[in-house]
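Novice: Swiss-Prot feature annotations, pasted as is:
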type: COMPBIAS; residues: 1-21; note: compositional bias 'Basic and acidic residues'
type: COMPBIAS; residues: 22-48; note: compositional bias 'Basic residues'
type: COMPBIAS; residues: 49-67; note: compositional bias 'Basic and acidic residues'
type: MOTIF; residues: 114-140; note: motif 'Q motif'
type: BINDING; residues: Ala156, Glu157, Thr158, Gly159, Ser160, Gly161, Lys162, Thr163; note: ATP binding site
type: MOTIF; residues: 262-265; note: motif 'DEAD box'
Amino acid sequence: MTKEEIADKKRKVVDEEVIEKKKSKKHKKDKKDKKEKKDKKHKKHKKEKKGEKEVEVPEKESEKKPEPTSAVASEFYVQSEALTSLPQSDIDEYFKENEIAVEDPLNLALRPLLSFDYLSLDSSIQAEISKFPKPTPIQAVAWPYLLSGKDVVGVAETGSGKTFAFGVPAISHLMNDQKKRGIQVLVISPTRELASQIYDNLIVLTDKVGMQCCCVYGGVPKDEQRIQLKKSQVVVATPGRLLDLLQEGSVDLSQVNYLVLDEADRMLEKGFEEDIKNIIRETDASKRQTLMFTATWPKEVRELASTFMNNPIKVSIGNTDQLTANKRITQIVEVVDPRGKERKLLELLKKYHSGPKKNEKVLIFALYKKEAARVERNLKYNGYNIAAIHGDLSQQQRTQALNEFKSGKSNLLLATDVAARGLDIPNVKTVINLTFPLTVEDYVHRIGRTGRAGQTGTAHTLFTEQEKHLAGGLVNVLNGANQPVPEDLIKFGTHTKKKEHSAYGSFFKDVDLTKKPKKITFD
């Protein structure tokens, strides 16, 4: 063995000894750490038992959701003396009259703001909202919790005043900390039309207080949207376009402290769940106040809320656990031959859109875009000035049609279900369902375009044998709103499809017309 080999062997032995010593030290250190940890835990346990009062220590502290630490969450709402002095019987009556239910895990028990006088806001915002007679139920109940920085789930029908319900507290929080830069308020909405509508309402408030607001959605170039995003504190967006902008690095959501998901159930129906989760991950949960507004409260929406909301207060207006129609809407259902529907439509327009009713707004629903395009041509041929929103039209054409209808340039609007939810079109007097939608739930959302903000309205529906599998569900909705049920509809059967089991198959429940009906529940 050469000298070099002997030296090399010695080096290897030394190296192995060093490694062994390091391992031994690490083992001793780990053992010591475990002992100290055990002693510490034992001392803590003894301390908590002191005074013969045993205190239960949570086993998994890390599983608890972090409490918000943002400026938004640290703002505390102070209830006015005038509101505090109201007798409890007045509050109870208000809850009963408006079918309000509040689930309050924090036991705050904040009273609803029955009048704008009980609300203390910046004078410019106060002046804007005071143009209305009084807060809507969702506003009255949600505002105290939102102004206190709490997470809130609002379950209420479309047209209940949800935009101001989340918009007023959002602007109020912004004004309390005007030094911050970047996007602080983010509202996510399922459709371009609804996003534009929310933007139109919010910009009234942001303009009053010198804040910048922008709206981003697909179907238009991104360049202008990128510019607006850099200047805005308030952003209204559809999930798809916002995610595109995030992935290309054009938007920073790290400063968002007020997040709103509007029409959450609708977004899940449209398959946006993963997009929403990816967007939310770009915000800071520790300083984020989160709001969710939804017309229904199915399992999927509940699960989404549980993943990113912190002890949310749930405010429900109306019978939201079951599918119900607005009782201010007169529902008329006619069973007709499918071949005569368009002829029948012309008769209905003479009834609802001529003479003294010539200037009343009428919204007509078709099921598919091809049907809508055909009906649009037919009505124009018959001399009607009609605007239309359906899939064969460009975004610019759809926006123009909606603006014409809102402004009164055209008082007839033909739409597919793209416009069935969320669009706040004031003073729609009549909804005509030329073709029944694919679900009874969509029917309720369609007719909800009328009878809004305390007004009355009419929904006239043409029902054919092709939709007979939906007859039982429609009967339930009619009965639930105390509306007449035509004999021709009952002839199709009064059962509703309730469940489907992989082994048992579909099974049904008959509607007992002698009793108050059990309304449809969507699991």
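Heads up, the Cβ atoms here are built off N, Cα and C, so glycines get one too.
Small disclaimer: the values here were computed from a predicted structure and weren't measured.
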Novice: Checking distant contacts: for the motif 'DEAD box' (262-265), what same-chain residues at least six beyond its ends satisfy Cβ-Cβ under 8 A?
Specialist: 158, 162-163, 166, 187-190, 194, 198, 292-298, 300-301, 304-305, 421-422
Novice: Which residue counts does DSSP give the motif 'Q motif' (114-140) for helix, strand and coil?
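Specialist: Helix, strand, coil within the motif 'Q motif' (114-140): 14 helix, 0 strand, 13 coil.
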Novice: Around Thr163 (ATP binding site), how many other CB atoms lie within 10 A of its CB?
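Specialist: Result for Thr163 (ATP binding site): 23 other Cβ atoms within 10 Å.
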Novice: Pick out which of the binding-site residues Ala156, Glu157, Gly161, Lys162 has the most other Cβ atoms within 10 Å of its own Cβ.
Specialist: Lys162
Novice: For the motif 'DEAD box' (262-265), DSSP counts of helix, strand and coil?
Specialist: 2 helix, 0 strand, 2 coil
Novice: In DSSP terms, helix, strand or coil for Lys162 (ATP binding site)?
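Specialist: The three-state answer is helix.
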